[in-house]
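Trainee: Dumping the structure here so I can ask a few things about it.
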Amino acid sequence: MPAARVEYIAPWWVVWLHSVPHLGLRLQRVDSTFSPGDETYQESLLFLGVLAAIGLGLNLIFLAVYLVCTCCCRRDHTAQTKQPNSCCVTWTAVVAGLLCCAAVGVGFYGSSETNDGVHQLIYSLDNANHTFSGIDELVSGNTQRMKVDLEQHLARLSEIFAARGDYIQTLKFMQQMAGNVVNQLSGLPVWRDVSTQLTELSHQTAYVEHYRWLSYLLLFILDLAICLITCLGLARRSKCLLASMLCCGVLTLILSWASLAADTAAAVGTSDFCVAPDIYILNNTRSQLSSEVTRYYLHCSQSLSSPFQQSLTAFQRSLTTMQIQVVGLLQFAVPLFPTAEKDLLGIQILLNSSETSLHQLTAMLDCRGLHKDYLDALTGICYDGIEGLLFLGLFSILAALAFSTLTCAGPRAWKHFINRDRDYDDIDDDDPFNPQARRIAAHNPMRGQLHSFCSYSSGLGSQCSLQPPTQTISNAPVSEYMNQAILFGGNPRYENVPLIGRGSPPPTYSPSMRATYMSVADEHLRHYEFPS
């Protein structure tokens, strides 16, 4: 008798997803029973994708309104200069980047769980398919031995024992037993159609899972790449990288909502199957198998006897009877007919081989092996598979939130870059306190010297007759000129009215720049004293 069945219990998330209202495209209630061939049931799953599309539309509308408001509503330039919002933009981008990384981590876990569950399902299907194929091979092999090989031996023995009627009766009895064996084997179910369906299902599942896993891997890489581009754009204050981030962010936002729609529909549909898998299998195997055989393998309970027990017992009884007849002929007929020994030994070997096949067939037809494969398949798809789909749905939500935040922070960062550049453009390029001028001088140190040389030589009328500059008379002390040389990198500017002698910096200087200028000038005045 088979062992007690290990009960399958649907997890709580399967029951929760199955309880989700199933609505058609016309908002009518649809039966939640798993029936993938029904058009109304397909519409109920498609409706979940429509809800995700509506969410995507609302998300894009919100982002469009926010971008329009951000670009059109300009604050006072002075207030922006005094209170820059770069810190807020930076922290918003940091939080969004961390959220994106967390989403990718959740997505990797969910994709791995789904992949493990699907591969367990494929492995179980292949094991069951191997069992069914083995059963068909054993049945066909035994039928071949009984109908062809045994008949050939009996035909030759009939010619040898033609003069002995008692031996002829024994051969006819053995032929009748062989016919009973063939009839018992023909009563066993043929698993060829079931095996073909399982093979096709296994191949299709492996094909879809391969491209699903690859697609999510590319999506994870794209998300991380966009986060990296965002960090580089903010760190280098690059408008090009920021624009690339905005374009790719919108694309990734659309892909996140699309993946959410696919994951939700797949999770709900699979949960509808996992709530009552026995009913669906019973309804879809009626044309290939009897309900008694299907229930035997699905339930595998001690209260259910094997539907093949009677056929296997009759098979064993017929083999035993034929073996007894062959032993009797070997003892009494061979001394009289020595030429019959070869065929009788051939029949004995054939019957022993059939008995071995009978034991193998009995083990394969037992419900415990196939029922274990059935439970493993349910565990893979209903536990790991659906759990992974839920985590992938969470990944899609977190990714959509992260990239929505990055898209909102992008225009503010762009405006901050523009305002910063505008502040630099208002300052003279020759101003030594302009950060842009410092960067230019650092990359091109000859620029300052050439410009100073041309400044005093242009007043002589022609650059072809340049003469050494004459010292201009000024009331400013020599120390101020030396300080000026030090401040400007060792290149004194030959002007009639030196910058230091004006008493105050140009009006384009900020208060902080003025304080820095005055402190540096006072320090040099204390260190360098020249006689008058």
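Just so it is clear, glycine is given a Cβ too, placed from its N, Cα and C backbone atoms.
The feature transmembrane segment is assigned by TrEMBL to 45-68, 88-109, 213-234, 241-260, 389-410.
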Trainee: Does the structure show the transmembrane segment (241-260) and the transmembrane segment (45-68) touching, where I'm treating 3 or more Cβ pairs under 8 angstroms (sequence separation 6 or more) as a contact?
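Mentor: Counting Cβ pairs under 8 Å (6 or more apart in sequence), the transmembrane segment (241-260) reaches the transmembrane segment (45-68), since there are 3 or more.
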Trainee: Give me the stretch from 88-109, 213-234, 389-410 with the greatest number of Cβ pairs under 8 Å to the transmembrane segment (45-68).
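Mentor: Going through each listed stretch, the top one turns out to be 389-410.
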Trainee: Taking residues 6+ outside the transmembrane segment (389-410), which of them lie with a CB under 8 Å of any CB in it?
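Mentor: For the transmembrane segment (389-410), the sequence-distant neighbours (Cβ-Cβ under 8 Å, at least 6 residues beyond its ends) are 13, 59, 62-63, 66-67, 70, 89, 92-93, 95-97, 99-100, 102-104, 106-107, 109-111, 113-114, 216, 223, 226, 230, 242, 245-246, 249-250, 252-253, 256-257, 259-260, 263-264, 266-267, 270.
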